[in-house]
Amino acid sequence: MVRGKTQMRRIENATSRQVTFSKRRNGLLKKAFELSVLCDAEVALIIFSTRGKLFEFSSSSMHDMIERYRKCTNDVHSNKPPALQDIQNLKFETACLAKKIELLEVSKGKLLGEGLGTCTLEELQQVEQQLEKTVCTIRDRKMQVYNEQIEQLKEKEKTLAADNAVLSAKCELQPTQESNEDKEYSPSTETENSDVETELYIGLGKKITSMDRSSFGTFKRKYLNFITQ
């Protein structure tokens, strides 16, 4: 069988990632040893696993190799202008970020169902596991939002119930006050008072009844003028 092309991206499955690390680490150490023997080159190799375990190979003393490396890098950095060194660092970081963005775009496309025709069974299983985790996360968040909304509605219900109780108490007191006021100021009393005729006796016993104010004022002025004369 023709071996498929391996995509240069992080392996999501932990078991597969550990197996691949062991195989490629041994192959890399073997290649470093062969390079040092066949080409009489000084080779130093340092590897740290994801758990922090150290793996190293050196054709001579590792300490001497590290000191030689530091000396060479210091000489190179001292000869380069600072601006040029910064530009090179920025270019390197830009390239790394562009590579990460590309990998993220590929991963996003697979999650959306794009480019799955060239994926292996293992890659499809990884996509499926990632989708299942995403769905579980969305469901958990959805339930959390529902619970928060339910709690808010319960608090609102309690507040409305308290307001309703206060309004009910006010409505029960208001008819009692209105009935008392109606008793004190009943229309019958006013009618009785309005039906009383005002009688006025002036001079020789002339009786004036049912006189309006304007007529009474005119009569009063004439009477005062008559007395003063």
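Backbone N, Cα and C atoms are what each Cβ position is placed from, and that goes for glycine too.
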Annotated stretch (coiled coil, per TrEMBL) among the listed ranges 31-58, 87-114, 143-170:
143-170
Please average pLDDT over the domain 'K-box' (87-177) for the predicted structure.
85
Would you mind splitting the domain 'MADS-box' (1-61) into helix, strand and coil residue counts from DSSP?
25 helix, 10 strand, 26 coil
